[in-house]
Structures are given as structure tokens and as C-alpha cells.
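In what follows, a structure is listed as C-alpha cells, so that the remarks can point back to it.
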Amino acid sequence: MNRRHLIGWSFFVIGLGILFWTFFRPIVALHFLGDDAWNSYLFGYLRYNHLSAWDEIQSQNQWWLANVGRLFPVMIGTFVLIWSHPQSASVMHALQIVAIGLNAITLVFALQALGVPIRAGMLAAALVPICAQLRSFYDPITGFLLEMPYGLELLLLSIVAFGVALRRRSVLAGALAALLWIASGFVYEIAFPIGIVFVAMIAWCRPSATSLGAALRSFAPIAAGGALVAMLIAFFRAHSGVEGSAYAIRAGSSRYGATFADQAGGALPLNYVHFDPYGQFASVRLWAGWSPGAALVVLVSVALVLTLAAAIVRAGGARRRVPAVGLLLGCSLWLLPALVIAASPRWQTELKPGLAYLPVYDEYFGVATIVALVTATLLAALPSRAGYAVAIVAALAAGTITEETYRANLVAIKVYAGAWTAGRYAIEDSLRDGLLASVPDGSTLLVDGSYFYLGAERNSPYTTGSQWHAQYLFYGYAGKRITIASQSDALTSALCARPPSGPMCAARPNTYVLNIAYADADHSTAQAAHLAALLLVPGAAPVALADEDSVIERGAAQPLPALPGRRLSERRVAPDVRAFDVIADAQPLPLGNMLAPGAAQAIFGSGFNPAESDGARVWHWMGAHGSISLVNAGGTAQRVRVRGRVSMFGSGRATVTIGWNAALKTLPVDATGTVFSVDGMIAPHAVSVLNLATTAPRVPVSVDPRDLRLQVSDVDVRTMPATP
């Protein structure tokens with residue numbers, strides 16, 4: 001490499017680095033590191049069960065082989081080693097960006113090994129962002145950590161190594177290529193079919209009779225390794241329980257073609273925005289306004305593509321043949337993963353237009369390679385003036401698509417960092433700040449069921465084996481063994497110290513309630529409250545009476561309200577984090593999915609309650625009913641008036657029956673809503689429940705993925721004079 005080439009490479013790497021860092025930088029702000037939401041529980045699981053990382057590696061390999069016949073020990077090993085210790089989300093996401101950039105640079109060398117001119121390879125690397133759409137669905141960049149980037153890196157390096165083997169007639173380099181290729185397949189099996197590129201490389205070299213023998217000797221380790229792996233996979237699948245599972249092969253299914261189209265289409269530019277499977281972009285104008293990030297993405301993308309395209313025109317000429325093997329690599333990276341994924345019964349069910357599973361990461365590089373090589377071939381064949389015109393158009397098109405993709409990614413990240421994951425990192429951050437510092441080891445913790453990633457239910461599929469459970473999260477961050485009480489316990493007297501003789505019972509010793517409230521990543525409140533007693537509510541969630549709280553507030557949260565008898569001490573954990581220790585007379589504490597008195601608005605069953613799911617995590621409702629629980633913690637009877645509005649989602653009409661004590665009211669309800677007002681008496685130290693039942697059909701509606709139709713809003717609860 002001469003000085004001119006070195007300068008050119010330096011400018012390319014710097015420009016590519018600026019583009020990739022600016023384009024992907026928003027993921028660094030994500031506090032969540034998730035692979036099915038359980039990997040950051042792993043270190044707690046290992047410590048809780050006194051296991052080593054090696055124990056877990058063996059256990060996971062045995063499980064995957066015995067149950068589904070899958071063989072990916074390299075992925076499992078690196079995964080366990082990474083997650084056997086708590087990780088910094090920002091650092092790991094930064095490493096993810098570096099890994100993506102390294103993939104792009106290695107792609108240039110891999111294409112060069114396939115006979116592609118270096119400028120065309122650089123163009124392929126620069127075009128990767130036009131395809132790299134972030135999704136709120138098993139995303140290989142936001143939701144998974146390094147698995148896809150380092151698997152692709154090993155695959156591309158194997159192609160580079162085999163190119164060296166063919167040029168130098170080196171069996172050793174061929175063995176290295178085989179080792180890298182097999183290691184890539186042991187990260188994710190989709191790498192094995194892409195081995196077809198090695199055969200094409202031999203054909204492309206057009207070896208003579210004497211050099212053919214050397215080429216075949218270099219290829220022998222790849223052929224032998226591939227045959228051995230194929231036999232191992234066939235053996236393990238034949239002796240596993242894969243049939244009938246989500247990992248069976250159903251290539252003959254009627255859904256195969258549609259699933260293949262969904263998976264392969266997921267790598268096409270702006271596919272996620274166009275189909276908008278979750279309705280995230282309906283009200284978003286992507287071109288509305290400019291930001292420094294969007295402007296920099298456009299400028300760097302246009303500059304890179306225009307510079308490389310102009311260089312291809314200058315060095316062009318119709319004499320250059322079509323880079324067939326390079327196109328084969330692009331097509332293999334794009335289509336072969338989709339062929340494999342489409343055979344899975346699971347993805348035949350879950351994928352739809354706009355969605356794609358993890359291998360879409362490799363497909364991004366495949367589509368970018370195809371677009372770059374077709375463009376480069378066209379530019380090289382055109383006369384200079386026409387070539388420069390096409391180069392300008394290509395650069396502007398690339399800049400426009402990259403900018404649109406960048407803006408769409410910001411929307412997807414906002415959703416991913418919101419309701420889907422904000423509760424998780426609100427919990428983790430609060431635990432790091434000492435939320436359970438005053439909770440004794442061995443205590444019972446009743447977890448707010450509105451955030452399902454805690455997996456607190458006993459019938460959860462994540463309570464056994466090497467999967468996560470909430471107790472491992474708490475042990476990992478707080479170092480305490482916590483018994484997790486379920487929402488089912490809360491609906492009964494299971495948390496009472498002894499069988500109750502009336503509406504109130506004393507709670508079991510060392511029982512606490514965990515509630516989480518969050519707006520986004522930086523504004524949350526977590527509360528661990530000591531449970532003193534419960535007011536039992538027939539047919540609804542009880543009301544907890546707490547006498548000690550530990551509260552962690554992050555961001556500009558409002559101070560705690562001043563309650564009678566409450567003694568409060570505040571300590572500053574960090575510049576934007578406040579911690580409170582509270583001792584008070586027993587105060588009502590909302591528990592589970594109930595509508596607390598005075599709430600401005602509530603929807604029946606707001607949030608998924610784990611008690612309303614089965615072992616397969618299929619969400620359903622126990623009945624088309626709801627309730628408003630009213631607490632009288634005082635020593636005298638109270639007369640209360642409850643006013644509110646009942647309405648329905650969507651069109652249609654239904655009947656709602658409102659019952660309180662002995663009084664019943666039947667109201668017609670539609671989308672505009674019906675105002676109701678009911679009075680009733682609440683005995684001392686008791687709970688009175690206002691029940692609502694509806695004939696509304698239990699069918700999904702567009703604004704809510706659940707089968708919920710009835711809404712209560714504008715609730716006003718007032719204490720009235722003791723006598724009418």
C-alpha cells in the first residue's frame with residue numbers, strides 16, 4: 001500500500017466512522033440491554049445458585065442440544081461470559097456501534113478477495129445505513145448484544161482468509177478460513193449455507209490444471225469441517241425434541257413464501273416505515289424540521305457516496321466485468337438467512353410485513369452490497385459526463401434515504417425506551433441506588449404486576465431452568481434472597497399473617513410491596529413499602545396499608561405528598577436522584593390493577609396483570625368487568641359520592657351495570673360516554689367496592705391490543721355529610 005492509498009483509506013475510515021457513529025449514536029442513550037429481557041438477570045441467577053460461568057455454558061449447550069438440536073456453542077460461551085457480570089448499557093451499546101463499523105470495513109476486504117474493485121467495496125460499506133432500520137421487535141442492534149456483528153465478522157474474515165489461501169496456495173490459510181467459518185456458524189447457523197461462496201471463489205479464479213489441485217487442497221479443510229458439522233447437526237436434531245417445537249423445519253408450510261418475503265423484505269430501505277406494523281409512524285412527518293444529527297448524517301453520507309462514485313467513474317471503462325462472485329455474496333447475505341428463518345413455525349406465525357428477525361442484520365450488508373455493485377458496474381460502463389451525473393443522483397438518493405432512516409430510527413428508539421423497557425431500567429437503577437437497603441434478607445416482595453418483565457407469576461415460563469426470574473434480578477443488584485409473592489396471592493388472604501376474621505388482617509412479617517412509576521428513562525419513581533395490613537376486597541385487589549417506605553426518585557420528580565403522621569428523611573444519591581426513608585401511620589397504598597379514589601382517569605385492567613395470563617404468556621381477561629375500590633382508613637363511617645363517565649372504545653353500544661352495596665344502576669353506553677353518580681356508605685376501617693359489568697363485546701380494537709372495550713374516566717370521589 002503506497003502513500004496515496006494510505007491517505008485514501010484514512011479519509012474513508014474517518015468518514016465512515018463519523019457516519020456510523022452519528023447514525024447509530026442514539027442507541028447509546030438506551031439504558032436497557034436486552035436479549036428476550038433476561039440476559040441482565042444472568043449474573044444474579046449464577047450468584048443465587050452458586051454457579052460458575054462454565055456451569056451455565058454447559059447447561060445451556062446441553063439444553064439446546066437435547067430439546068431442539070441447535071448447535072451454537074460460540075454464541076452461548078461469549079454470551080454467558082459477558083453477562084456473568086453486570087454491564088454498563090452505554091458502554092456496551094458503544095461497543096455495538098464499533099462492531100458494526102468493523103463489519104463494514106471487513107466487508108471491503110472480503111469483497112476485494114472476491115475480485116471486487118476496492119472503491120466498489122467501500123461504496124457497499126458506505127451504503128449500509130440506508131438499510132439499517134431499528135425496530136421495536138427483536139432488533140439485532142437495540143435489543144441484542146454483539147451476537148450478530150461478531151458472527152458476521154467471523155464469516156467475512158473467513159472469506160478474506162480463503163482468498164489468501166487461493167492466492168498463496170496455502171492449506172494453512174484454508175484451515176484458518178474453515179475455522180472462522182465454522183465458528184461463525186456456531187454463533188448463528190445461518191452462516192453455514194453462505195459457505196457456497198467458497199466454491200464460487202474457486203470457479204472465479206479459473207485455476208489451471210496444476211493450480212486446481214492446490215485450490216482443492218486449500219478447500220479441503222472447509223469441505224471436511226462442513227461435512228462434520230452437517231452430520232453433527234443432523235444427529236442432534238434427530239435425537240432431540242425439535243419436532244413440534246418452534247425450531248422445527250416447515251419449509252412446505254403455506255406460510256413459507258410469505259414469511260420469506262417478510263424476512264427478506266425487512267432489509268430493504270424504509271421497509272419498517274412503509275408497512276408501519278405497530279402504527280408508530282402514522283403521525284410522524286420524517287422530514288419535519290432539521291436536527292444537527294440529521295444534518296450531519298446527510299452531509300457525510302452524500303460526501304462519502306459522491307466521492308466514491310466519482311472515483312469509480314474516473315477509474316471506469318466498459319472493460320470491467322461484472323463482479324459475479326461479489327454479487328453472489330450480496331445475494332447470499334440477503335436471501336439465504338431468509339430461506340432458513342422462513343422454515344421456522346414460530347416466525348411463520350410472528351412475522352408480518354415490516355418485521356424481520358435477527359438475521360436481518362446480515363441482510364442489511366447483503367442489500368448494501370448488491371446496490372453498491374450494481375451502481376458501480378453502471379458507473380464504470382457509462383461515459384464520464386453521464387457517469388458523473390448518475391454519481392450525483394446516487395449520492396443525493398443515498399443521503400435522502402439515510403436521513404429518513406435516521407429519523408425513523410429515532411422514533412423506534414423512543415418507543416423501545418418507553419413503555420416496553422423504561423420500567424425495567426427504572427427497577428435496575430433504583431436497586432443500584434439502594435431501594436431494598438432496608439429490606440431484610442429473606443423477605444417477601446409483592447411486585448406490581450403491571451410490568452410483566454419481572455415475571456413474578458408462578459406459572460411464568462421463566463421461573464425454571466437457566467431462564468430469569470425476578471428473584472435473580474433482586475439478588476443480583478441487592479444481594480438479598482427475596483421470595484416473590486404473586487398477584488394471585490394478593491387476590492386472596494395468602495399475605496395475611498393468620499386467617500382473617502374480618503375485612504382487615506395483619507400482614508405476614510417482613511412483607512413488602514414494590515411499585516414502579518415511570519415516564520421515560522430519566523424520570524421514574526420506585527417504592528418499596530413495608531406491608532402492615534391488608535383491607536380485603538371481595539372480587540377485587542385488596543388495599544395495602546404501608547407504614548414504612550423506601551422511595552427512589554429519578555429526574556425532576558414531584559416531592560412526596562405530606563400525609564398525616566408521616567416522618568420523612570431525604571438523602572441525595574446522585575445529582576438527579578433523591579432517596580426517601582419514610583415512617584408513617586398506616587396509609588392506603590394502591591395495589592395491583594385498581595382504580596384509586598380521586599384518579600383523574602383509568603381504564604379497566606390498565607396494564608397487563610400477570611394473573612391474567614397463562615403459562616404460554618397468552619394475555620386474556622378474566623371477565624368484562626371492573627371495579628373502583630374506596631378505602632375508609634378512619635374510625636367513623638363515611639358517606640361518599642362517586643361521579644364519573646363510562647364510555648366505549650370504537651363504535652357500537654352496550655349496557656353497563658353499576659352496583660354499590662345494594663344499589664344497582666343500568667346505563668346505556670357508547671363512544672361519547674355516559675355520566676354516572678352513585679352514593680354509598682363505607683364502614684370504619686373497611687373497603688367498599690363499586691362494581692361495573694358490561695355487555696360490551698370482548699374483541700380487540702385498534703387502540704389497544706387487548707380485548708378491552710370499556711373505559712371509566714373523569715372520576716371524582718367526594719366525602720358527603722353523614723346524613724343525606
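In case you wondered, yes, glycine gets a Cβ from its N, Cα and C as well.
TrEMBL: automatically predicted annotations, no manual curation.
Listed in TrEMBL:
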TRANSMEM  7-33  transmembrane segment
TRANSMEM  63-83  transmembrane segment
TRANSMEM  95-114  transmembrane segment
TRANSMEM  120-138  transmembrane segment
TRANSMEM  150-166  transmembrane segment
TRANSMEM  178-204  transmembrane segment
TRANSMEM  216-236  transmembrane segment
TRANSMEM  293-313  transmembrane segment
TRANSMEM  325-344  transmembrane segment
TRANSMEM  364-382  transmembrane segment
Contact between the transmembrane segment (293-313) and the transmembrane segment (364-382) (at least 3 Cβ pairs under 8 Å, separation 6+): yes
Stretch contact, the transmembrane segment (216-236) with the transmembrane segment (325-344), Cβ-Cβ under 8 Å, 3+ pairs: no
Outside the transmembrane segment (325-344), six or more residues from its ends: residues with CB under 8 Å to it: 110-111, 114-116, 120-121, 124, 159, 189-190, 193-194, 196-197, 200-201, 204, 246-251, 253, 256-257, 259-260, 263-264, 267, 351, 357, 359-360, 362-363, 365-370, 373-374
Considering the transmembrane segment (7-33), which listed stretch of 63-83, 95-114, 150-166, 178-204, 364-382 counts the most C-beta pairs under 8 Å: 95-114
